[in-house]
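Student: Please see the structure below; I have some questions.
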Amino acid sequence: MADEAKAKGNAAFSSGDYHSAVRHFSDAIAIASTNHVLYSNRSAAHASLHNYSDALADAEKTVELKPDWSKGYSRLGAAYQGLGRYDDAISAYKRGLEIDPSNEALKSGLADAQAAAGSSRSRAAPPPSNPFGDVFQGQEMWAKLMADPTTRSFLQQPDFVRMMQDLQKNPSSLNLYLKDQRVMQALGVLLNVKLHTPGQDAGFEAATEAESPPANKPDKKPAKEPEPVPESEPGPMDISEEEREVKEMKAQAQKEKEAGNAAYKKKDFETAIQHYTKAIELDDEDISFLTNRAAVYLEMGRYEDCIKDCDKAVERGRELRSDYKMVARALTRKGTALVKMAKCSKDYEPAIETFQKALTEHRNPDTLKKLNEAEKAKKELEQQEYFDPKLADEEREKGNECFKEQKYPEAVKHYSESLRRNPEDARAYSNRAACYTKLGALPEGLKDAEKCIELDPTFSKGYTRKGAVQFFMKEYDKALETYQEGLKHDPNNQELLDGVRRCVEQINKASRGDLTPDELKERQGKAMQDPEIQNILTDPVMRQVLIDFQENPKAAQEHTKNPMVMNKIQKLVSAGIVQIR
């Protein structure tokens with residue numbers, strides 16, 4: 001009776017039905033409670049179900065019943081490793097190797113456990129998200145603040161202390177405190193550079209930031225735990241005639257599969273189909289025969305037959321609880337066949353749905369790539385099917401009428417419909433950018449203006465739209481560059497010339513120090529979030545230049561002869577970060 005239950009458990013384990021395997025091994029243990037092999041096999045089944053606590057209990061019982069059996073320590077190590085107790089796993093594998101020093105399974109398990117333990121200990125923290133975070137770290141920050149007469153008084157103010165403590169914990173929150181002049185002064189002290197704030201009369205003042213530390217290297221993947229295999233009693237095991245026949249048929253099916261693979265590689269598709277069909281007849285519990293035959297049908301252009309085999313493979317795979325990767329492969333192959341059959345945009349919908357189902361089974365990069373390609377092809381076909389330049393012009397004219405009547409939301413709808421009908425119309429993008437600007441949707445307006453310039457680099461309206469958006473966003477340097485680029489294509493365009501004049505006025509206003517304290521705060525806060533400004537401030541060369549301008553007039557005079565350096569200085573001046581008097 002115990003042997004019969006054990007045989008059923010082994011068969012269930014081999015087919016991947018681990019729940020049934022646990023049940024059968026438990027029935028056998030109820031009859032033969034001192035059989036160490038039964039506990040070992042049930043431990044393997046529990047481990048396959050990721051029930052590592054139960055696997056550990058059975059492994060410990062195995063070792064208790066037969067302490068000189070090396071396989072028991074293999075089970076014990078696998079259970080400990082599944083629970084993340086890598087040191088205990090290493091100890092278990094070593095105890096097993098003391099009994100059987102040549103056991104390859106124990107050696108492999110020990111290596112995996114040691115690799116997993118090393119990976120767990122060396123796991124690095126995520127890199128900081130703020131490039132200036134290192135200046136706020138450790139006790140050195142408080143020492144620098146205490147040493148400076150100005151910031152020393154700030155340390156008596158609880159709200160300032162709280163802000164600095166928050167910056168130590170989360171340097172990325174710096175932007176929240178930039179309008180507080182105490183924080184700005186503290187930042188200057190920490191960077192050893194004077195910071196320009198409203199009300200100061202320094203000859204040349206600058207805010208610089210510390211360089212960001214290099215990102216930590218990613219962790220290595222923890223070693224993959226070898227899947228335990230149930231252990232039989234030492235020595236040969238008797239099997240029935242029926243079981244022997246099944247094994248022989250399975251072996252013959254594998255030979256037919258190999259013959260089919262060889263024929264497939266030679267592109268002898270008819271012969272490959274014959275071998276795969278014979279394999280399916282011999283063994284209907286291996287869905288790889290179906291997926292391989294489906295691959296042949298796919299190569300032959302017999303897409304309907306391919307889809308039928310894939311559907312059978314998925315259905316049979318779910319019945320047998322086959323490897324989810326095999327089910328995903330069948331779904332991916334079906335999706336590929338559906339893509340090959342697609343003739344219009346709607347035909348791609350079932351293919352996309354099939355690829356998505358495959359990804360829920362197994363997130364394979366190849367399947368993800370096929371999904372993206374199918375979605376892209378569907379979108380392109382939809383655009384082609386919807387393309388109509390005549391209707392696009394009509395919608396654009398309707399948008400123009402609404403714009404004149406100051407009905408900007410309605411105008412946006414008409415321009416958007418025009419672009420769906422003709423995505424290559426630069427004028428529609430220009431007009432919609434103007435609407436977005438009127439509605440205060442500046443990021444959307446900027447995106448449309450840039451698309452307009454991309455489609456037609458000689459169209460001056462694109463530059464006036466983009467420059468206007470950047471001007472309203474108070475990015476005067478960028479707006480000036482846009483207007484000047486437009487003038488290269490249309491030198492006499494009055495809108496572009498007026499834009500240049502307005503930008504120069506605003507830039508000179510900052511250079512002369514004519515900004516109000518509120519304007520200066522706003523401009524500094526915005527600049528600190530600009531990646532270009534951050535790159536300038538974290539550049540070691542530019543940091544030395546700024547220090548020279550403050551402390552070494554002779555060196556500063558040499559720096560003024562370098563156009564690239566002065567261009568960066570001008571950007572900092574325009575941003576209100578530094579000021580020359």
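Yeah, the Cβs are placed from backbone N, Cα and C, and that goes for glycine too.
For reference, TrEMBL lists these features for the protein:
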type: COMPBIAS; residues: 110-124; note: compositional bias 'Low complexity'
type: COMPBIAS; residues: 217-227; note: compositional bias 'Basic and acidic residues'
type: COMPBIAS; residues: 244-261; note: compositional bias 'Basic and acidic residues'
type: DOMAIN; residues: 138-177; note: domain 'STI1'
type: DOMAIN; residues: 530-569; note: domain 'STI1'
type: REGION; residues: 110-132; note: region 'Disordered'
type: REGION; residues: 204-261; note: region 'Disordered'
type: REPEAT; residues: 70-103; note: repeat 'TPR'
type: REPEAT; residues: 253-286; note: repeat 'TPR'
type: REPEAT; residues: 392-425; note: repeat 'TPR'
type: REPEAT; residues: 426-459; note: repeat 'TPR'
type: REPEAT; residues: 460-493; note: repeat 'TPR'
Student: What same-chain residues lie close to the compositional bias 'Basic and acidic residues' (244-261): Cβ under 8 Å, and 6 or more beyond its ends?
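Tutor: For the compositional bias 'Basic and acidic residues' (244-261), the far contacts come to 271-276, 278-280, 282-283, 286, 288-289, 292-293, 296.
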Student: Should anything in the same chain at least six residues away from the repeat 'TPR' (392-425) have a Cβ under 8 Å from its Cβ atoms, list it; otherwise answer none.
Tutor: 383, 386, 431-432, 434-436, 438-439, 455
Student: So how many of the residues in the repeat 'TPR' (460-493) end up helix, strand or coil by DSSP?
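Tutor: Reading the DSSP string over the repeat 'TPR' (460-493) gives 27 helix, 0 strand, 7 coil.
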Student: Going along the chain, which residues at least six beyond the ends of the repeat 'TPR' (460-493) come within the CB cut-off of under 8 Å?
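Tutor: Sequence-remote neighbours of the repeat 'TPR' (460-493) are 426-427, 429-430, 433-434, 437, 442, 445-446, 448-450, 452-453, 499-500, 502-504, 506-507, 522-523, 526, 570-571, 574-575.
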Student: Hey, which bits of the same chain come close to the repeat 'TPR' (426-459), Cβ under 8 Å, at least six residues off its ends?
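Tutor: Cβ under 8 Å, 6 or more out: 392, 396, 399-400, 403, 406, 408-409, 411-412, 415-416, 418-419, 465-466, 468-470, 472-473, 489-490.
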